[in-house]
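Undergrad: Here's a structure for you.
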Amino acid sequence: LWQRLGQQTKNGKTCSQCWVLFGMNSALPLLCVVVSPAAERLRYILGDEDDAPTPTLFTEMDTLQHEGGELEWRESARWVKFEEKVEEGGERWSKPHVSTLSLHSLFELRTCLQTGSILLDLEGYSLPQIVDEVVERQVEDGLLAPELREKVVFVLLRKHRHQTKKPIHRSLADIGKSSSTSECLSVCVSTYHSQSRSMNDISDAPSTDQLKNKFMKKIPRDAEASNVLVGEVDFLEKPFVAFVRLAQATTLGGLTEVPVPTRFLFVLLGPQGKSKSYNEIGRAIATLMVDDLFSDVAYKARDREDLIAGIDEFLDEVIVLPPGEWDPKIRIEPPKKVPSADMRKSVFSLNELGQMNGTAGGGGGSTRTEGESLDGRFCGGLFLDIKRKLPWLLSDFYDAFHIQSISAVLFIYLGCITNAITFGGLLGDATDNYQGVMESFLGTALAGVVFCCFGGQPLIILINAQPDNGVIDYMELRLWIGLHSCFQCLVLVATDASYIIKYITRFTEEGFSSLISFIFISDAIKKMAGSFKYYPINRGYNPDYVTMYKCDCQAPTQESLSDLPVVSTDGSKLNGTALDWSQLSKKECLKYGGSLVGNSCKYVPDLALMSFILFFGTYSMTITLKKFKFSRYFPTKLRKLISDFSIFMSIMTFVGLDMLMGLQTPKLIVPTEFKPTRSGRGWIVKPFGKNPWWMYLASFVPALLVTILIFMDQQISAVIVNRKENKLKKGCGYHLDLFWVGILMATCSFLGLPWYVAATVISIAHIDSLKMESESSAPGEQPQFLGVREQRLTGILVFVLTGVSIFLAPVLQFIPMPVLYGVFLYMGVASLGGIQFWDRIKLFLMPLKHQPDFTYLRHVPLRKVHLFTLVQIICLAVLWILKSTVAAIVFPVMILGLMVVRKMLDLVFSQHDLAWLDDILPEKDKKKKEDEKKKKDRKKSKGQDDDSNEEVRKMSLCTLIHVERIVYSCYYGHSANTTQ
């Protein structure tokens, strides 16, 4: 049934390891898989996907040391993922590094496992009992002379000395002890000798030092240990080798540095003169034990051949460095990103046997989630969103109880009030103060709290969006536009229109999010540049002419003086002629009608320069502190704490600098009274008033444009937040989000407040500030991203604080606006991080040899990458121009146009290229799924034939294993028991 054929493979080369399965009938397709015999064996060992994942292994290597004629096991290296050695001085551990092994040591290890004793699933409860079992097996197999039994047991039960960090005061004390008398030294040595002669050196319970070892924080809770013991003795003529796997992990007292139960034990004792070779073999087996693939083999191996197959597969993947071009003494730093072990293991999965080629699509996580399917019922999507979010309601609150949430609240709060003040001022100018900063604060608080309490994705942050003024009664018309838009949003919710987001691919996401990011960056720079206009640099100042600079207060004319009532400091009224105008300040001079005369009257301090220092200092310090968790200084928890509170620390630093300098830089101005910005208007807008009746109906047209903008802005932002890369676990709620946005539009319209929609940049900043990383990571391994702290409380607190900011005005008035502009700049720049579009733009400026090793560059020609990027740049430029001109009214339609452009790209690029640069559109996925369904139907229709041939297939599998064993034994030149 299986034939080993020397036929031509797809690449034109002869394949000597190509196994071809001929099916029993037409329902079984022809399958050709190029694998080695070792890989074929591992496929049946690791092919069962239902098995529980194997625990993480902590490996410790102890070497046998001779101290004054006595023996002890001394820890020399350890592995969790990377290797750490005890330095030659014996005082410290080396930095974690990638293990570099000699090829010869791997072959010697393979020989050791072929000739040594293999004890699998040994019932062991203590080290002496395990040692007795191993030695007895060696004697039974004829590998060890019976008279050497006691000597081997004696050596294996010697005391284990582990490498521990000594505090500074202990080291200084040791220095003082070094000058002690020889009498004391001899007593100490004799005492040590007497202890080491004891056969009870290995205690059953962990010692106090083991329990207090801080290294346990680096090891996962369910980890198990593998111990490697290597050394040379004078009574052996050939190596003593044993590999033991215990049936249950057992704590063997002081055998291991940390109190972790031992599952594996590898022992190598040999004749003297080969200690270096023994150490290299020990390092080889220790490195294999922490390899993800081999550790699975070690846990599931059935016999010696399975372990050897694991080594052979490891050898197939080994990369050899030429000795003349590489110094073996160089320690390779751990990579920032380790290749996924799942990809290596998937090759050995029986379920994935027919998927060896994989699928393209390294363009990065799909944006499609379970909330995007078309339900077909009235409000079906809305009910599914509510059903999905209800089970998480309680955890949405108690999951927020973490110190990280405090830093997120402070960060997003300052961003929200800055946005409310900035856009509130613009809104006041555009609406003749019908809406201003006060309405912006109140609306932000109201809409934000409601959305975070009841919305489908509470991590989204809302900001205001508003149209321009220019009609008879702005507030009344705006009310009707809001009501029509609310109705349209509810219709979209009822008809499951959010299904359209399946067509929002990376192309549309990145175009929209890049536009919003550039708006944040440009607005921050424009505001900063405006400081140089209002507070110009004094370029005409010359220190040599300081004696000529003066400014006098000139009194007004006599007619003006007689009519000018002047109030003195004590409250009495004086005549203008009684004043000494030369002694008045600048403000008093102008207040009493005087004029300033002199060449220094227009002098102001360099506030623009100071503002720039505050602006750029806040931005640069935030960037630096945010990356501080990757630095080498301070403990891990302190570095992470500094990184989490980077924004708050930067703001406080430069607020303090501004207060120290005492310059009149522009400050944050917060309303201090709870009343509408424009006098004469109330908090409720009446629906009928000055506008003609037809205006109520005609407002449906501008409401349609507003609805398109609200819908696209909200859903694109939600898609970006819900991306697979963020590892959100509580599901999405596109329909529920749009429902509450529509309700809030009607509510805010009646109250005369701005409308609110998802803020892309601030929402991304909210996500980044709540990212969680693994607390226990192997030495040298980068912390693993676990997901986002999904909860509602941070958003609620942000908007509650925004609402009560009126009462915090005495404190907030000390914050300079340039500091907040720096925060805006950081938000814009930080949101560009991780955007593939921005990475591809930078490729235009890089020579080919200096370009990063992006995955898509391996699969897509560079000219096509540049063409795809150029199309995105053109679309972004068109959106920017439309936003900045009078044609901004069609801006919502142009966002929809991005989806049309993406559809047209199917005519220019192949699906393979788009799979790496973007996401595949639903039609392509649908066609692929339909083809798979047809294949399944054909197989199902022939199910009876398949059942009748089931026994034949089982016989075929047995024949395959039988033939593979024969070929395997011939391939490696050693005998195999083929009768098995």
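Each residue, glycine too, has its Cβ placed from N, Cα and C.
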Undergrad: Write down the single range among 18-36, 474-492, 607-625 that appears in TrEMBL as transmembrane segment.
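TA: The range carrying the transmembrane segment annotation in TrEMBL is 607-625.
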Undergrad: Any contact between the transmembrane segment (733-757) and the transmembrane segment (441-465), i.e. 3 or more CB pairs below 8 Å with pairs at least 6 residues apart?
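TA: Yes, since the transmembrane segment (733-757) and the transmembrane segment (441-465) share at least 3 Cβ pairs closer than 8 Å, they count as touching.
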Undergrad: Could you give the residue numbers and ranges of same-chain residues that sit at least 6 residues beyond the transmembrane segment (607-625) on either side and whose C-beta is under 8 angstroms from one of its C-beta atoms?
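TA: Contacts of the transmembrane segment (607-625) (Cβ under 8 Å, skipping residues fewer than 6 from its ends): 524, 528, 531-532, 534-537, 642-643, 646-647, 649-651, 653-654, 657-658, 661, 663-666, 816-819, 821-823, 825-826, 829.
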Undergrad: Okay, the transmembrane segment (819-838) and the transmembrane segment (441-465): do they have at least three CB pairs under 8 Å, pairs separated by 6 or more?
TA: no
Undergrad: Which residues, given as numbers and ranges, are at least 6 beyond the ends of the transmembrane segment (645-663) yet have a Cβ under 8 Å from it?
TA: 407, 410-411, 414, 605, 607, 610, 613-614, 617-618, 621-622, 624-626, 628, 814-816, 819, 822-823, 826
